Every structure is written in C-alpha cells, then in structure tokens.
Amino acid sequence: RYVFFLDPCNIDLVHQKIKSIALCVSACPRKELKTLADIQKFAETNGSSLCSYELQPSEYTTDPRAAKLCPKYPVPESAPIPFFHRCAPVNISCYAKFAEALITFVSDSSVLHRLISGVMTSKEIIMGLCLLSLVLSMILMVIIRYISRVLVWILTILVILGSLGGTGVLWWLYAKRRMSTSGLETQIAKDNLQALLIYAIAATVFTVILFLIMLIMRKRVALTIALFHVAGKVFIHLPLLVFQPFWTFFVLILFWTYWITVLLFLGTTGSPVPNEEGFVEFRMSGPLKYMWWYHVVGLIWISEFILACQQMTVAGAVVTYYFTREKRNLPLTPILASVSRLVCYHLGTVAKGSFIITLVKIPRMILMYIHTQLKGKENACARCMLKACICCLWCLEKCLTYLNQNAYTATAINSTNFCTSAKDAFVILVENALRVAAINTVGDFMLFLGKVLIVCSTGLAGIMLLNYQRDYTIWVLPLIIVCLFAFLVAHCFLSIYEMVVDVLFLCFAIDTKYNDGSPGREFYMDKVLMEFVENSRKSMKEAGRGGGAEGRELKPMVGADEE
C-alpha cells in the first residue's frame, strides 16, 4: 500500500530522478530501526519487507548482500503522507538540502535558512499584520461611501493635470527644438522634430477628446458616487455580506480537495502492465482514457457554479434591500432568505450561466496550451492568430461574466429563467451604456485605489514592526507574505463591494425606467439616488423622464418568489 525509499534523502531534483530504490511495503516503520535484526523483526511482525525483493526476511542478517539491498540503518521513524502513500521520515532534518536545492538561482546555500528563520521569528507579527489587513478592509467598506466623492475629485484633478502637463511639455519641447534649429541640421534631427510635432498634435487631440468625455460623463460620475454611498448603507443593514468571500472560499477549498483526491485515484486506474525495465505501469484503455477530460471540465464548471451561487446570493439579498421601502421591514436574515430562494428556484439558472462561461473558457485554455507547446516552432502569422484568438475569447469571457452577473440580478427581481433575464439585463445595459462605462471606469479605479491603500498601509506597518526585530537578517519573505495576504483580503472584500454596486445600478435603472415618482408609481430608491434623479431632471428640464415605458413591466419582487 505504501512506497518506502531505502535512502529517502538521496534525491536529485535537478534531473528529476530518485536515486534511492523504492519498494512497495504494507506498513511504514513507526519507530527507529537501528540494526538489521530490528529490520528483520519488523518484517516478520508486520509482514512488511524493507529490503529489496531479492532477499527473504530470514536472510537479512546472514546474506552479505544485505548491506546493499537493505536500507541504511538506523532506519528513521516514518509515517505515510496522506493521499500520496509515501513513507516520509518524521524527522525532516535530512530534507533541508532537499528544500535548498529548489533555489538554484542563489549561490549562497544559507539564504533559505535565513528566509525561513525570518518567517518563524516574526510569525506573531505576520499574523497580526494579516489581521490588520482584514480590519482595514472591513473599515474601508464602511467609510468608502463618505470618501467616494473625494476620490473622484482626486482622480479628475490628476487626469486633468496629467493630460495638460504632458501636452504642454510636448509643445514646449517642440518650440524649443524649433527655435534652436539651423540650416545645418541632420536628417535625423529633422525626423525627430517632425515626430515631436506629431506627438504634440496627438496629445492635444487626446486631451480635447478626454475633456469632452469628462464633460459628457460628469453627470454619470455623480451616479457612481451615489451608488457607492448607498452600497455602504447596504453593508450596514446586511453585515453578513462581508462574510460571503469566506464561505465561497471554504466551499471552493472543499471541492478542490475532492477534485485532487479523485485525480489521484484516476492516476492509478487501469490495468497493471510490466514495462521494458521490469517495473509495473498502470495503463488505461477504452473510455477510461478520456475520463480526465471529463474531470477537467467538471473542475471548471463546478468552480464557476460555486462563484455564480455567490453572485446570485448577493444579488438576491441586495434586491430585497432595494425594493423594500421600509428598511425596518427587512427579513431577519436576507442572506439566508436569498440562499433559500437560490436552492428552491434558481439552481438551474446558475448552472446554465456557469456552463456558458465553461464553454468559452475551455477553448481558450486549449489554445493557450497549444501556444505553449508550439512556442518557438510556429511561424509569426500562426503565433499572431493564436494570440488574437486567445485575446478575443478572453474578452468574450469577461463580457459574458458581466452579463451573467446582471442576468442573476434580473432573475432575483423577476424570477424569470436565465435566457429571459439575460435579455432583460442586456437591454437595460445598452440603454444605460454611458452610465455603465462611468461606473466601470471610475468605480473600478476607486476600488483599485482602495486595494492599494490597504496593501500600502499593511506593508508600511510591517516595515515599522519588523524594524524592531533583530533576530534575523532578511525581511523579504515576511513582507511578501503580508502584502500578498493583504491584497487577497482587499480583493475579496472589495469585489463583493463592486458586486453590490453593480446590482444596485441595475435595480436603479429598472426603477427609473418603470417608475416616475408619481402616485402609484413611486420610486423604490434611496434618498441619495432620489436626489440624483431630481438634480438630473432639473438640469435636463424634463419632468417625468422615467415614464412611458413600453413592453412587459419588470415587477420588483419583495420577499419570497412568486410563481
């Protein structure tokens, strides 16, 4: 059942060969065996022969070949590695060189020891900094609604100053070069002057276009600020939304563990066949050979299905919040209510949406594999076509993912099937294309600044705390661990925030399309969004802009689903 190495420390990683003889044994030695007599007694007691198959247990102490065919003694105490069923020494001191061999690019063999000692000495600081990043992320999700307007103005000022400054510098360089030219200028200098003029003109055109876009979208930016403000209120009323990334990550870990376990079983499936070297290989035949394709598709589909369940859960909870006029009448646990609706009514919708993403992702992965295998062998045209196809499939995947998320929101509102919800969401997004662009550009940049803020704050705190540690010499690994964890935590939390903003936008778009604030058609939106609508009406002088919608009305759903 287990694999036992006669000399477990004699491993050559560079050539990917195990120099030690490996034997199949029924049990690993659970205590140290100091002599050949102990090895013989272990074989007779446990029925597990630790010497080569050529020797019988009774010959261990009498045959002179035992010095070469038996393990070096003392045989260290070992235990089987879970899933892999390899006997590994309990005392892993002999694996220090094994680990150091991984760092082939470092000539100093003590670098690994110093890195590990830095992590072990500062483990309390690392755990504290990881907790700090968690707290900072939660605080930022609450206060971002108060600083969103400041962030937008900072972004606007930086863009204006950057574009004007760049354009001004280019024209200044061109004028300076033009005034200093003489009749003896070389052709290269004339070409550089001409290129500088082209760059200055292009920068001027870009700046003008950028100003026009900002002028047109300034009202949409106000909507982004309002949505961020309302999203902060959502997290106050629905605090369990903060823990959605944890549950999703936990479920994904469980599924990936199961998937790897099945993959290991598939690796030893088939008929044992001896090869030319006298060893036994497991060779699969028939339909069993293609089972791993099914397994890989299952990995992608179910992973996407789990992520889609999170999106549907968040969408259902936020929709319930938005379309409940009196927030005091919210269900006790809107998250659990959303999960209940998902399990009872919408699993098919989620499965179909995740399957569509899988259909796009698999061809892209196949093309990426082909591109990797043909690297350096294909011609320039084939390489360009492969990269173009991969890029197009990646763009299609991102667009479908965004459309799916909005389709789940439409499903949560109307309880319609996936195709109908996707069509309704697409129509709403097309009708509000400029608003969508403003939210996805300004909003994403604001959330990116939030991630940078959390990582930089955690990294700065780490540098200040690690500065007082004198027990090690290298900070690199502890600081990298802290910063990576901080980015991961910030990304998980702010991605939920981004999801809530997207759901709120679709609810707002549907609310303004089918309601106008008149008696009987009152808005469901928050006061902040109501102020935005009133300001837009005043500026455009079009009272009742939201009325007169045609077609089937999307009826907001409050509470449980209605068939």
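A Cβ is built for glycine as well, from the same backbone N, Cα and C atoms used for every other residue.
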Worksheet, complete the sentence: Range annotated transmembrane segment in TrEMBL (choices 95-116, 249-270) is 249-270
Worksheet item: Under an 8 Å Cβ to Cβ limit, what residues of the same chain, 6 or more beyond the ends of the transmembrane segment (249-270), are close to it?
Response: 83-84, 282-285, 288, 291-292, 295, 298-299, 302-303, 306, 492
Item to complete: State the non-local partners of the transmembrane segment (290-323) in its own chain: residues 6+ outside its ends, Cβ under 8 Å from one of its Cβ atoms.
Response: 234, 237-238, 241, 244, 247-248, 251-252, 255-256, 259, 262-263, 266, 269, 284, 330-331, 334-335, 337-339, 341-342, 346, 349-351, 353-355, 357-358, 361-362, 404-405, 408-409, 411-413, 496, 499-500, 503-504, 507-508, 511, 524-525, 556-559
